[in-house]
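Structure below; questions to follow.
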Amino acid sequence: MNKKRVLTGDRPTGKLHLGHWIGSIMNRLQLQNDPRYDCFFIIADLHTLTTKTRKEEVLHIDSHIYDVLADWLSVGIDPEKSAIYLQSAIPEIYELNLLFSMLTPLNHIMGIPSIKEMARNASINEESLSHGLIGYPVLQSADILLAKAHLVPVGKDNEAHVELTRDIAKTFNRLYGSVFPEPDILQGELTSLVGTNGQGKMSKSANNAIYLSDDEKTVQEKIRKMYTDPNRVHATTPGRVEGNPLFIYHDLFNPHKEEVEEFKTRYRQGCIKDVEVKARLAEEINLFLNPFREKRSEFVAQPKILEEALQKGTEKMRSVARETMEEVHNNLGLSRKWRSILASSK
């Protein structure tokens, strides 16, 4: 059976949180354990440089790579089933990114909304947009097509990136002959989780995240401060359940559905205190996180396991990358010149 290749991953900007679990990790585990798919998970450290260029930020990337690795392995990403690789360790990505940049009209890139959103989140004004940030979607296309991925799991906010990738693949194949598959978008049921402050999706930069590695007391404290219904000033005031982060989290992480429905009824009637509902949520989230925390501590204590997992996956991706670039060189006609140069230098 020919497996469909899947490519997805994370920028190493720090530890992963419940938003990552809901938005991507659950889906990745399903794909990894499905025999129809061959999964490649990229730690996209080059992409981190598009918005984090200060020396102190760059110096943290190395430790963040191991944070992501430890989190991935602790939740069940298996290096025996999936290739986990480091983007910057694949030399071919730099060349393919350059070649694709020659084929991509600037207006196609500037029409992608996520570029300006990334700039806003990083407090970068439009006049200061770097070439690397503007070209971020082209580098992402190079990641996808270098791996010859058939499927790319993304949320709606990143669909335009995959559409650009399809356009680049079509353009290259039309001009130079067929090399690249045109990847399809693969969407999960949920793509984001509201932050604990009720303001937008959970993220490190917004300081509204519960991390997979947070200890029990930290989880309790974050949930104690969680945003609920601002109009509910007393426990006897009927509260709003819909859109309330407290109940969104209960629906996702409390497996006792009858209890959750009872909480909702009492909350709407003004017959229960926020503190009681929050305490139960903290209990359930801590029960949910306990296995991850235990496994993570084991991996952190044995960093060689993390290093071996990354090396194994990176070597697999290097092999794929070499094969892809050999096809690219052949179709472009560059390989003939390079071979003659190599032959004359011997």
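Every residue, even glycine, has its Cβ placed from backbone N, Cα and C.
Okay, so Swiss-Prot annotates it like this:
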| type | residues | note |
| --- | --- | --- |
| BINDING | Arg11, Pro12, Thr13, Gly19, His20, Gly155, Lys156, Asp157, Leu193, Lys201, Met202, Ser203, Lys204, Ser205 | ATP binding site |
| BINDING | Asp143 | L-tryptophan binding site |
| MOTIF | 12-20 | motif ''HIGH' region' |
| MOTIF | 201-205 | motif ''KMSKS' region' |
Which one is it: of the binding-site residues Thr13, His20, Asp143, Lys156, Leu193, which Cβ has the fewest other Cβ atoms within 10 Å in this structure?
Lys156
So, three-state DSSP: helix, strand or coil for Met202 (ATP binding site)?
coil
Would you identify the secondary structure of Arg11 (ATP binding site) according to DSSP, in three states?
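DSSP assigns Arg11 (ATP binding site) to coil.
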What is the nearest of the binding-site residues Arg11, Thr13, Lys156, Met202, Lys204 to Asp143 (L-tryptophan binding site), using the Cα of each?
Arg11
Per DSSP, to which secondary structure element type does Asp143 (L-tryptophan binding site) belong, with helix, strand and coil as the options?
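Its secondary structure by DSSP: helix.
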